[in-house]
Every structure is written in C-alpha cells, then in structure tokens.
Ligand SMILES: CSC[C@@H](O)[C@@H](O)C(=O)COP(=O)(O)O
C-alpha cells in the first residue's frame, strides 16, 4: 500500500537474498523506518517486541525466521530449536504456528544443504498467498459495503457509509491490503463515500498509531475515537457496520481479536449494527471449537497499561518518542492482550473464499475440500 506515493509491503527479502526487511511498527506513526533481520533471534525479537505484529504478518515473519535459522545451521536439532523459539514469541495468533509448521513440513524431508533455500521459497509463497487472500477478502467485503450503502434510506444516501474498526487489521498487520481494512480500501478506490471510526485500542494504541496512519496515507477519511466511545456512536446511529480482524477463529466461528473487540460486538448486537470479522484461512484453528475455553490469551507487560508512549511536543524535546507514567507508583496493572467474541455475536465472517456464517456449517461450506 501507499506511503507518500511509494508502494510498500510490510516484509521483504533483502537484495542480498539472505536477510529480511521489515517496517519498524514501534516507531509509527511518528517515524517511518525499516530494519534488517539477519538471524533467527532478531526475527523472534521483532515479533515479541511488536516491531512486526498482526496475525498474518507474525506468521510470515516466523516463516522467514526459520529460513534465517536454517541458513546458519540446517540440522534437525537447529530446526526444532528455532521452531520452538519462534513459536513461543506470541501465543494467541494461530498464523504463527501454522506458518512455522508449513516451513518445517516442507524442509524436514530434505537434505540439510537444501533446507534454507526451500524455506526461502516457501516463505515467499506464504507472503504472496497472504497478499492474494487479503485482496480477495477486500473484494468480498466490498460487496457487503456496497449493499449496506445501497440499503440506506434515500435521505442518508449522500452521507458517508460509516465503518467502525478496532485495533489494526490493515496492511501493516498483514503483508499487504489487510483483512478488516481491505474492504475499506476497495470501497474507497471504487469511489464510495466511506468514513472510518478508528478505536484508539489501548493499551498499545494500534488504532490511533497504525490504523490512522495507514488510512491517512491512502487518503481514507477517518476519525480516531477513544475505545469507550463506540457504544455511544452506535446508539446515535453513527455506525453502519463494525469490521474487525481475527487472531484465531475456531471451527465453530468464535473469534479471538484484540482486547476490547468483545465489548464492541455486544454494543453492536444491542444496537442492531452488523458485526463482521475479516480473516484469511491461515487464521482458522480447526482443532478447537470453544474459543473462550481453548484459545490461549497472551498477557503482556503491565507497563503497557501503567505507561503510554507518544511524541513529546515540548520545544526542547526535538519531537522524540517519550514514555510517560499514567498510574500511581503503587498501582498494579493487568494486561490481557486479546479477548474472544462468541460466534453468536458475529453477523458473518468475510474470508478469501467468500462470506460465511460464523458457525461450523458456515465455514465448512467454504472449506470442505481442504
Ligand atoms: C489482520 S490482523 C487481525 C489481528 O491480528 C489484529 O486485529 C490484532 O488484534 C493484532 O494484534 P497485535 O497485538 O497488534 O498483534
């Protein structure tokens, strides 16, 4: 997608053919910078510190991380150790385990000397497939947005169609296009009058920093709101649909996404606002059906709750990124990073194969041949 007229992806193989380039998302929106990952440890650190984040992008970074490990040592032991190290970086998004398994299955039968090259090719394939899946999600979601726009009363036809989103499920969370934001980009490019309410998404503020950044670069009208404003906006009729992403979707259609998503789904149900979840197949965990009981929820540092990062606008600070403390010294913080929205609260799942009911039957209709 676009940054100041240049098309970027979030991850790429560097020209040397051996290292991996990524956008450093911890610096956005205030500074656009890239980093080179040269070994497995650097890939693992990039995932755990959220230099890269978002379920699909974590998966692709994990895949390239295994390639980096195999370049240094292609033995069985090294492969297993790197798999374990990368898989432990973030527990909730199933794409990571999915991508790591895919690389391991590919390289394990090969002679060690051939493994790094095979991992390189497979990682590139996973990245390309992610782009294609996200673009397809965009096309299926566009049809929903067009229908919503056309179905509004004639007095509202001139107003923008209003979509609320939570966290960042845009191109920065994937390789390109995004999941929840892909339909929005498609709608904007198709000339629809669309406006996005962007939840700030405490504690890491992926909405305020990343979603607002990428929508702005693509020229999509948007407004950042505090997380608690969504219910009020829905009550007042200012939201036509909620569209979010997913880090893990059970075979029964339960959806795990950034903390706060569940509350938005409850508010949407109470106000008759459709609640859509956009996700690629790599996010479906077919091995589980009860999201609340079975999905491991990452707990991150309490510092993300007790402190906040932003740009210091004091003249003397040179606009440096600064962290400030919000809470009293003695107060503890608790920081579950994701929550589960049960399938019964989800209007539909928007996948790369089409729109499905959030249920086992709905998903099986699209994926039964896999
Ligand atoms: C296409 S992304 C879907 C999710 O990964 C996204 O909504 C999300 O929750 C990301 O969480 P993060 O903690 O920033 O990795």
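Glycine is treated like the rest: Cβ placed from N, Cα and C.
TrEMBL labels come from automatic prediction, so no person has curated them.
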### Query
Which of these, 146, 206, 309, 320, does TrEMBL say binds substrate at the same site as 53, 54, 55, 90, 257, 258?
206
#### Entry: residue 257 (substrate binding site), number of other Cβ atoms within 10 Å
29
## Note on the structure
Keeping only the binding-site residues of 54, 55, 90, 206, 257, 258 whose C-alpha lies within 10 A of that of residue 247 (active site, proton donor) yields 54, 55, 257, 258
### Query
Using the residues the record lists for substrate (53, 54, 55, 90, 206, 257, 258), what whole-number Å value is the largest Cα to Cα distance?
16
### Query
Excluding 53, 54, 55, 90, 206, 257, 258 themselves, which residues in that chain have a Cβ inside 8 Å of the centre of the Cβ atoms defining the substrate site?
58, 93, 167, 168, 169, 173, 245, 247, 337, 338
